[in-house]
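Here the structure is laid out as structure tokens; the discussion comes afterwards.
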């Protein structure tokens, strides 16, 4: 029963959330089982551009460290807020959601070229949390039963918690900065006087990820209605008259 419940919950996850979360878990499992090492995954511009180890552009977003509290904490927040975004403000707009992934990853990679950052998955999670929090500003949050606050403060609370754990806050600040850039360009600037939408999802992403909607005004010809289609028996009689 537990397995069936888990399988049902897993299959019920929206596609992008399921794909990204699964990739993160499988990458961590592969490291734990020593099939690969973190040294094969981390962000290294020299190895990417000189040795053509292009996969590092992706794998550095998939590894959140060894199994432990930090890993499970990140996975919970990644799953929760990625799913709420995909099922909320991005519902029916999978291509736009994927484009946000690409845009955020691109900006973080640019920053990584000039800073000694090896893994950017946590920054990516903070970006998702930031965008969700700004789009849901009136939701009340509770952090471990200790703090009550409204959603827009959540990224800053997470950064403070990371600081208490002794971690560097550079990654968190990067996620907040990229999340704010996306939110400003997507939600704020287009609604300003003289503003316009600058982030346009490429057409090929819409072709791949978005199912074209049926035109509600489309009225098929009478002969195209199912009830007017010839039955097999009628078709056989037409082909083989007595």
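Using N, Cα and C of the backbone, Cβ positions are placed for all residues, glycine too.
No curator has checked TrEMBL annotations; they are predicted automatically.
According to TrEMBL, the protein carries these features:
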type: COMPBIAS; residues: 222-234; note: compositional bias 'Basic and acidic residues'
type: REGION; residues: 212-242; note: region 'Disordered'
type: TRANSMEM; residues: 20-42; note: transmembrane segment
type: TRANSMEM; residues: 54-79; note: transmembrane segment
type: TRANSMEM; residues: 99-132; note: transmembrane segment
type: TRANSMEM; residues: 153-183; note: transmembrane segment
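Counting residues 6+ beyond its ends, the transmembrane segment (153-183) has Cβ neighbours under 8 Å at 70, 77, 100, 103-104, 107-108, 111, 115, 117, 120, 122-131, 133-135, 141, 143, 147, 199 in the same chain. Non-local neighbours of the transmembrane segment (20-42) in the same chain are 13, 56, 59-60, 62-67, 71, 75, 78-79, 82, 101, 118-119, 121; each lies 6+ residues outside the stretch with a CB under 8 Å from one of its CB atoms.
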